[in-house]
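Going by TrEMBL, these are the annotated features:
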- 27-44: transmembrane segment (TRANSMEM)
- 29-445: domain 'Major facilitator superfamily (MFS) profile' (DOMAIN)
- 64-84: transmembrane segment (TRANSMEM)
- 120-143: transmembrane segment (TRANSMEM)
- 155-176: transmembrane segment (TRANSMEM)
- 182-202: transmembrane segment (TRANSMEM)
- 258-285: transmembrane segment (TRANSMEM)
- 305-325: transmembrane segment (TRANSMEM)
- 346-366: transmembrane segment (TRANSMEM)
- 378-399: transmembrane segment (TRANSMEM)
Amino acid sequence: MTASIPDTIVVDFEGDHPHDWPKRRKWLVMCALAIPLFLMPLSSTITTPAVTAISAEFHVDTTITGPLALSLFLLMYCLGPVLLGPLSEMFGRVPVLQTGNLFYLAFNIAAGFSKTEIQLLIFRLFSGIGGSASLAVGASTIADLFRKEERGLPVALVSMGPVLGSCIGPIVGGFITDYTSWRWTFYATSIAAGGSLILCLIMSRETYPPVLLSRKKRWYMKNSESKKEASEIICKSPFEDDQEDLADRYRRTLFRSLYFLGTQPIAQVLACYYGYLYGIIYLLLSNFSDLWTDQYRMKLSTGTLNYIAPCVGYLAGAIICAFLTDIVYCRQIARNGGEKRPEFRLPMMVPASLLVPIGLFWYGWSAEYKTHWIVPDIGIALPLMGATIVFQCVTAYLLDTFPLHAASANGTVYILRGLTGFGFPCSVRRCIQLWATDGEIACWR
């Protein structure tokens, strides 16, 4: 008796790939993602002007607890994608994003009700994990939705939200601390996070192709049961591996970021440079308000308005990338006979990297000699503009190099930037004591 051979049906996209979605639908998804991408970094730096008030209430040292309240959140915000990025490649972008947002909201509210220093630090740690969900799926969602030659503006949008949020956070925190209580820095961000969660529920759509095809496969199997026995049909998607069980899948996806970091030299180099610049940026931002209150004798809320300068630097870098990245990329393709290479995303990094040391010296020495306030403001804007361009070039390069595993590839960057973003601000007070303002900046150069 001859056994019947089951029918094999390959389930694939038929004009419904996310690349083929209408522009309006794509940008609705991007806007839903941009809101938490802006809000979470704002939440990380909003406590910077409140360090003195927090330390006074809990009777702790400002040189330790204050930086830790910023750095612990930032550490988990950057390391969270190492876990959440691969999970988004297993279960989809939307479940990870929504679960993370809810997790952040719960622990951020709890931080506002903290009764001890330890409670505050623990709640900040866990809220950072939840807040990292938008970072984990941000760059990879661009790879899901946009073709390579269309990614300049989306990458600029995704990169601009975090950097703007980290600059605007101290401004908001300064006014809140001056006129209410430091606890309202957590209450205010929690209210905004609740609104963001509702908007994401309405506007977000799943974009990861393997998950979409898996859903399509399940739909086909369900609707085919009346026509044939399920045992006579085998449905597959192009992304499935017959030899891989669930345990292997977990192991492969969860450790992919570490695998990239340990085996891919270009990922190692870019991650180290990205992390170095990221640590410098948070080193500057964590100490920036002290410059105006201690040396320029400004009121806290007035001094934090100088954070507009790094915002301008960030915006300038993002706008430059938004308009020039795709132009440079297309010209490089034309020069190479139509061949597309990820390396064509990197030329703008060269001039951008020069802005960082120039701006650091400018800022450090102008602050030491207490020049007019506009001079150090210009100085701090330059490295932030250069760093923004570098960040966007690195993100675009990794998207093009690892399109299917973009979340895990960007996780390699997040590992090092989390460590430097955590370590640099924790050491800033000691640096000031040892080297003063100009020495601190020159040291990290």
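Using N, Cα and C of the backbone, Cβ positions are placed for all residues, glycine too.
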Problem - the transmembrane segment (27-44) touching the transmembrane segment (378-399) per 3+ Cβ pairs under 8 Å rule - result: no
Handout entry: Result, the transmembrane segment (27-44) in contact with the transmembrane segment (182-202) (3+ CB pairs under 8 Å)
Key = yes
Problem - Averaged pLDDT, computed only over the residues in the domain 'Major facilitator superfamily (MFS) profile' (29-445) - result: 82
